[in-house]
Structure formats: structure tokens, C-alpha cells
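Participant: Just passing along the structure, written as C-alpha cells.
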Amino acid sequence: MGKKQNKKKVEEVLEEEEEEYVVEKVLDRRVVKGKVEYLLKWKGFSDEDNTWEPEENLDCPDLIAEFLQSQKTAHETDKSEGGKRKADSDSEDKGEESKPKKKKEESEKPRGFARGLEPERIIGATDSSGELMFLMKWKNSDEADLVPAKEANVKCPQVVISFYEERLTWHSYPSEDDDKKDDKN
């Protein structure tokens, strides 16, 4: 597999002396030994080169958020069409019927602040759904959820501030005093 370099990451790559692959799309999610992993489609590579990667190694919060949002939308569609699908699945064997039940139970568990967990940090942000959402990592959990920014601003303002502070960049410009010092020399 050849290596591709994201131009936005050039500075980081030079510091780490390591090239980064560019994620095209997040395809799936799983939990292995308590760690969340995502199945990734790599830009410029075929589907044969898709790989499962641990969440902590990834730097694509927008793509993860987009994937989680699409899963949420797909689940809501499944609920509205649930009756029709069951009638059509009479010919399926029992092993296959139990899989959707497990997935349904898993996705009906509380998400976001409804889980009652304490926020640890914000991994990323997206507005792909038309509303600003944060990808929130929870303390004592390997899972992350999309939560509305409005809700996070009220329930954990310090976590939100930390997220923005981590991303602040300061640009220093020469002041007039510096210019005068240069003229005297």
C-alpha cells in the first residue's frame, strides 16, 4: 500500500517524520476489548485496503460525526419501516433474525448526556446536520456520542472552553514600539 500525504498535515508530518494516510470515509464501527474502532476507506486506495483503526489514532472527527449521524438517521428509518421488513424476512433463518434484534437493542440505549456519564473532552465538531454538534468523549467509557453544542455549552462549559482553547492559534505582529527600536539601531 503506497502512502499519501495530506497537505494540511505537512507540518505535523515533518515533526513526526511519518506520513499520514487520508481517510475518505468511515464505513463501520465496532468495540474490541473495550476499545472503539472504525472501519476506514482510504483516499486513493481500493476497498481491499480498508482497515479497522482504533479511535484514539484517528484525526477525522468530521467524518466520524458524519458516520454517527448517518447511523442515527438509518436507525430512525429502520424503525418506521420495521413492520414491513419483518413480514418479508419469514424465509430467513433464525440466526440472521437475531442480528437485527441485537443491533436494535444496542441503538436504543441512551446516547449523549442521557447516559448520565461525565464529559471528558470534545474530540471534534461538525455542523453536517445543520446544527453544531460536538463529538463528546466520556470519562470511564471508550464510546463517544454526538451532542448538540447548545446542550454542551450549558452542561459542561469548561469542556467546551478547553476544546476551543486547544485550537486557538495566536499570530504576533510587530508593534509600533518594535519598529522604533529597529530605527534607532
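Using N, Cα and C of the backbone, Cβ positions are placed for all residues, glycine too.
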Participant: According to Swiss-Prot, phosphoserine sits on which of S46, S91, S98, S172?
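Facilitator: Out of S46, S91, S98, S172, Swiss-Prot attaches the phosphoserine annotation to S91.
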Participant: Out of K33, K43, K72, which residue gets the SUMO2 cross-link annotation in Swiss-Prot?
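Facilitator: Checked Swiss-Prot: the SUMO2 cross-link annotation sits on K33.
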Participant: Look up S80, S129, S175 in Swiss-Prot and give me whichever carries the note phosphoserine.
Facilitator: S175
Participant: Candidates are S70, S89; I want to know which one Swiss-Prot annotates as phosphoserine.
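Facilitator: S89, according to Swiss-Prot.
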Participant: Once the DSSP letters are reduced so that anything not helix or strand counts as coil, what is K150 (SUMO2 cross-link)?
Facilitator: helix
Participant: Measuring Cα to Cα, tell me the gap between L58 (site 'Histone H3A7 binding') and W42 (site 'Histone H3A7 binding') in whole angstrom.
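Facilitator: Between the alpha carbons of L58 (site 'Histone H3A7 binding') and W42 (site 'Histone H3A7 binding') there are 12 Å.
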Participant: Starting from the Cα of C60 (site 'Histone H3A7 binding'), work out which of the recorded sites (V23, W42, F45) are within 10 Å.
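Facilitator: Checking Cα-Cα distances against C60 (site 'Histone H3A7 binding'), the recorded sites within 10 Å turn out to be V23.
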